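Have a look at the structure below, then the notes.
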C-alpha cells in the first residue's frame, strides 16, 4: 500500500482537465530526402496534435510540522510537490539524505491528514498504517499534521 491516511480533515478537491485535438493521419506520407522519395509508414487512428494542452491546477493543503521540541511550522503545500520540498521553500529545515524514499532520514509520523508516498520503497505497510511517512517522497492529499524527526522511532 502506498497511501498513508490519518483521520481526514476536509479539503477541497480539484481534478485535472486535459484538452487535446485529434487529427486523422493518412496511411502513408511521402517524404523527400536528398532527391529521393520514400514512404514513411504511419499507423492509422487519431493523432494528438501539436496543440496538446494539459492543464491541472495544483490544490494547496495546509501542512503543520511539529518538531521534536514542540516547535510548529505551518505552510501551504501544493498536492504535486513533496512535503520536504515545500518545507524548504517555506524556510523550514528538515533532515534528509537520499531524497528518493530509500532511507529513513526524513521520516515523520502523521497524526492528521493524508499523503501519497507511492514513489517510496523503504517503509513497510505496517509502518505506513501507523502514520509513518518519508517527507522526501510524500505529496499532501489533504491538510496534514506531521511530527518530524522520527527516524529512530522506526527501529
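Backbone N, Cα and C atoms are what each Cβ position is placed from, and that goes for glycine too.
As the structure is a computational prediction, the values presented were derived from the model and not from experiment.
Swiss-Prot lists 1-58 with the feature transit peptide. The domain '2Fe-2S ferredoxin-type' annotation in Swiss-Prot covers 61-152. Positions annotated as [2Fe-2S] cluster binding site by Swiss-Prot, on the basis of sequence analysis: 98, 103, 106, 136.
Of the listed binding-site residues 103, 106, the Cβ environment within 10 Å is emptiest of other Cβ atoms at 103. Other residues of the chain with a Cβ within 8 Å of the Cβ centroid of 98, 103, 106, 136, the [2Fe-2S] cluster site, are 84, 96, 97, 99, 100, 101, 102, 104, 105, 122, 134, 135, 137. If you take every residue in the domain '2Fe-2S ferredoxin-type' (61-152) and average the pLDDT, you get 95. Each residue of the domain '2Fe-2S ferredoxin-type' (61-152) gets a DSSP state, and the totals for helix, strand and coil are 14 helix, 31 strand, 47 coil.
Cβ contacts within 10 Å of residue 136 ([2Fe-2S] cluster binding site), excluding its own Cβ and spanning all protein chains shown: 26.
Within 10 Å of the C-beta atom of residue 98 ([2Fe-2S] cluster binding site) sit 14 other C-beta atoms, taking all shown protein chains into account.
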